[in-house]
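Colleague: What follows is a single structure, and I will ask about it in a moment.
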Amino acid sequence: MQFLVDTHTHTISSGHAYSTVLENAAAASQRGLEMFCVTDHAPTMPGAPHFWHFANQRVIPRLLHGVAVLRGVEANILNIEGEIDLDERIINQLDWVMASFHEPVFRYTNKSDHTQALLNVIRSGRVDAIGHPGNPNYDFDFESVFKEAAKHNVVMEINNSSLSGSRVGSEIRCEDIAMYIKEIGGRITTGSDAHFAADVGNFESVEPLLKKVNFPIESIITRHSRSFLDFLEERGKKAISELAHL
């Protein structure tokens, strides 16, 4: 099982990450990736960049060190209404929008609130993926959220950093998430959640988990660049002409 796209990476602009876009691209190339997404934290996260940072990603070349670069964000889920912290104008300029719960922005409360927030953000049509849903601090109703995600063509992320200790208790939940999504015929994305270049494309904990549950490779949108670009186009994103050869 191999994943040639990393849909979750951070740069120094996130405030608590330590590499540049160029350094991440070089690391991605060394890992043999075909593509990675730049997904810095959106403005409400402490230390995160101004919204201009996201609007100006258009200056980033589409290919760096022979690796395709997609322009994205890890937005914050703000409330149970499912609002996120970037406006429509900027979101429409980005290739890839993830939304995640983060403790400094949305303090965990109860299963009902978390479920309602996820359902609303999925229904909003503004996000392509839910980041690190395996975080045990944010319990939610798997059945309703995953079925709604499949209905709206929003994918759940299996996050390598969560499986490597950054969110204690995520291992069992991520396995349960993968098994449930497999059962309903849904799809997932895989992200390193790299905060340092050496971790870009690091799926050493994701791969054995997905093998363990026998997750179908065709339901993993990050298996190669074309499967990922096809997913974005399914979601109504404009084809990226510079990457048409992939």
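Backbone N, Cα and C define each Cβ position, glycine as well.
The Zn(2+) 1 binding site annotation in Swiss-Prot covers H8, H10, E74, D193, and the record cites sequence analysis as its basis. Annotation comment: Swiss-Prot describes H16, H41, H195 as Zn(2+) 2 binding site, evidence class sequence analysis. Feature annotation from Swiss-Prot assigns Zn(2+) 3 binding site to E74, H102, H132; the stated evidence is sequence analysis.
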Colleague: Taking the Cβ of H41 (Zn(2+) 2 binding site) as the centre, count every other Cβ atom within 10 Å, in any protein chain shown.
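Modeller: The answer is 26.
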Colleague: Using C-alpha positions only, work out which of the binding-site residues H16, H41, H102, H132, H195 is nearest to E74 (Zn(2+) 1 binding site).
Modeller: H41
Colleague: Taking the center of the Cβ atoms of H16, H41, H195 at the recorded Zn(2+) 2 site, which other residues in this chain have a Cβ no more than 8 Å from that point?
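Modeller: Neighbours found: H10, S14, G15, A17, D40, M45, G47.
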Colleague: When you put H132 (Zn(2+) 3 binding site) at the centre and draw a 10 Å sphere around its Cα, which of the binding-site residues H10, H41, D193 have their Cα inside it?
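Modeller: Qualifying among H10, H41, D193: D193.
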Colleague: Excluding near sequence neighbours, so keeping only residues 6 or more apart in the same chain, what lies with its CB under 8 A of H10 (Zn(2+) 1 binding site)?
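Modeller: The list for H10 (Zn(2+) 1 binding site) reads A17, T39, D40, H41, E74, D193, A194, H195, given in order along the sequence.
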Colleague: Could you list the residues of the same chain, at least six apart in sequence, whose Cβ is under 8 A from the Cβ of H16 (Zn(2+) 2 binding site)?
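Modeller: Result: G47, H195.
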